[in-house]
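According to TrEMBL, the protein has these features:
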COMPBIAS  36-51  compositional bias 'Basic and acidic residues'
DOMAIN    121-211  domain 'Ras-associating'
DOMAIN    213-257  domain 'SARAH'
REGION    21-51  region 'Disordered'
Amino acid sequence: SPDCSFTCHYRCRALVRLDCSGPPGAGDEDDGTEQALEKDTNVDEPSEWEKTELDQAQVEQRIKEYNSQINSNLFMSLNKDGSYTGFIKVQLKLVRPVSVPASKRVPSLQAGRLGPRTQGVKRRTSFYLPKGTVKHLHILSHTRASEVIDALLRKFTVVDNPRKFALFERSEKDEQVYLRKLADEEQPLRLRLLAGPSEKVLSFVLKENETGEVNWDAFTLPELHNFLRILQREEEEHVRRLRHRYARCRQKMQEAL
């Protein structure tokens, strides 16, 4: 696509349906600054504002300060019930491809006799999201991190299980980069308000959920069958190499005898 730079197979181009909001870079004023070297990554370091509690007056004052520091119309607004709304920007840094739905109408075998009957066939198209993809979301103060992930997947019509992804907070300090995975119940807009509008102090990144343990329930049946085939091939190759190594050792011993 000339607008959003998505890349896919030429035969799959017609199957991809995405809402391209405009030319690349629109509304992403600081994408070019994402060249900072990640000299250190710390997923356990807690944020300074993680446990900060604010009363109603402090929330109102923070919102005024926040709105006075931004150079766009992405303001925060205080509601009558004490909650507040605002925008967060999430950068998508996905290494693996994502899947989007696609459907193709296949004529029925009896279409000639019974009329134009068609049958819907479910298909999926996978492609890589381009590096630096950014999305602004308008959320509430009580919107949870898990709900942000769901909203992002809906925006890009991604059909992969949300548990495959995680929302991270990213901060830069003393030329080092710190990453912390948000818990499902954490509230990103609250963190945005407490940290202020600076993207260096706090930014949000969507990445694969690397837990160290594979959650097999998050995969579809075709994916699981593919994994089993891959495991079988790896096992067969490992056995072949092992037998070859023992055969060479046996041959060397016989030559020595």
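Each residue, glycine too, has its Cβ placed from N, Cα and C.
Away from its own ends, the domain 'SARAH' (213-257) comes close to residues 161, 163-164 of its chain (Cβ-Cβ under 8 Å, at least six residues beyond either end). For the domain 'Ras-associating' (121-211), DSSP puts the residue distribution at 22 helix, 37 strand, 32 coil. When the domain 'SARAH' (213-257) is classified with DSSP, helix, strand and coil residues number 39 helix, 0 strand, 6 coil.
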